[in-house]
């Protein structure tokens with residue numbers, strides 16, 4: 001199945017496709033072990049920084065091999081690529097999907113650049129999925145913030161702008177700003193469910209993506225899916241699980257030097273966190 005077909009299925013059946021970011025092969029193994037065990041389709045994302053670290057072509061080849069071995073719908077997404085040039089680089093490397101994030105620009109420039117990437121992607125392969133974004137998330141990094149993060153109303157997506165953007169660009173996926181943020185702050189996230197419903201009513205069958213899913217209460221995640229979200233991104237919670245397991249092991253076994261022994265608890269922690277999210281999103285047995 002193509003990514004578009006799976007997202008259509010998610011929309012029709014009322015569940016969300018999980019999207020997990022990776023920086024290395026260790027994280028990838030933990031995520032895919034969870035997906036395999038629960039028979040879930042999955043998107044694997046790399047930001048610009050993660051892509052540079054792991055290698056674009058290397059990421060493409062790893063996903064290809066695991067897709068064939070695990071017999072699962074696994075898709076590689078270039079997440080939050082913030083210029084036409086870097087987005088084209090990811091597509092040239094063989095990514096299945098691109099998130100062109102020009103949300104810092106005005107709407108006209110955002111539409112223009114996104115249209116350029118849609119055309120570029122579809123010329124390469126019509127099955128490539130393109131995501132665009134209107135509105136902006138007030139945090140950039142997937143980390144733990146030790147302060148309250150306020151979300152100004154002007155950062156939120158205006159439903160009428162979402163409708164225009166989707167119509168004029170032809171994107172396959174749309175990412176709104178609806179009270180979500182990257183990372184985890186000291187205050188509890190509060191999604192604007194009514195705004196999600198309003199946007200969904202105006203963008204037809206276009207898939208809708210929730211970024212910054214980490215730290216969002218389960219009841220809000222379920223409400224967001226019910227309101228029209230079909231794809232949810234998780235990064236910070238995966239990173240925290242990985243880092244905590246690694247630090248704990250090294251603190252308890254400071255003399256250990258064998259990498260596969262040191263990293264085994266991190267793989268297990270990532271697997272467990274991924275399984276938790278797959279169950280929450282309702283994607284079990286959807287592969």
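The backbone N, Cα and C atoms fix where each Cβ goes, and this holds for glycine too.
TrEMBL lists 80, 182 as Zn(2+) 1-binding residues, and of the candidates 19, 211 the one it assigns to that same site is 211.
Taking only the Cα positions, the spacing between residue 79 (active site, proton donor) and residue 182 (Zn(2+) 1 binding site) is 13 angstrom. Every protein chain shown contributes to the tally, and the Cβ of residue 182 (Zn(2+) 1 binding site) ends up with 24 other Cβ atoms within 10 Å.
The Zn(2+) 1 site is defined by 80, 182, 211, and by the 8 Å test on Cβ atoms against their centroid, the other residues of the chain that qualify are 47, 79, 101, 137, 140, 142, 212, 233, 235. When the alpha carbons of residue 101 (Zn(2+) 2 binding site) and residue 211 (Zn(2+) 1 binding site) are compared, the span between them is 12 angstrom.
Rounded to the nearest whole angstrom, the C-alpha distance between residue 182 (Zn(2+) 1 binding site) and residue 133 (Zn(2+) 2 binding site) is 14.
The Cβ of residue 133 (Zn(2+) 2 binding site) lies under 8 Å from the Cβ of 99, 100, 101, 102, 103, 110, 174, 175, 176, 177, 211, each of these being in the same chain and 6 or more residues away along the sequence.
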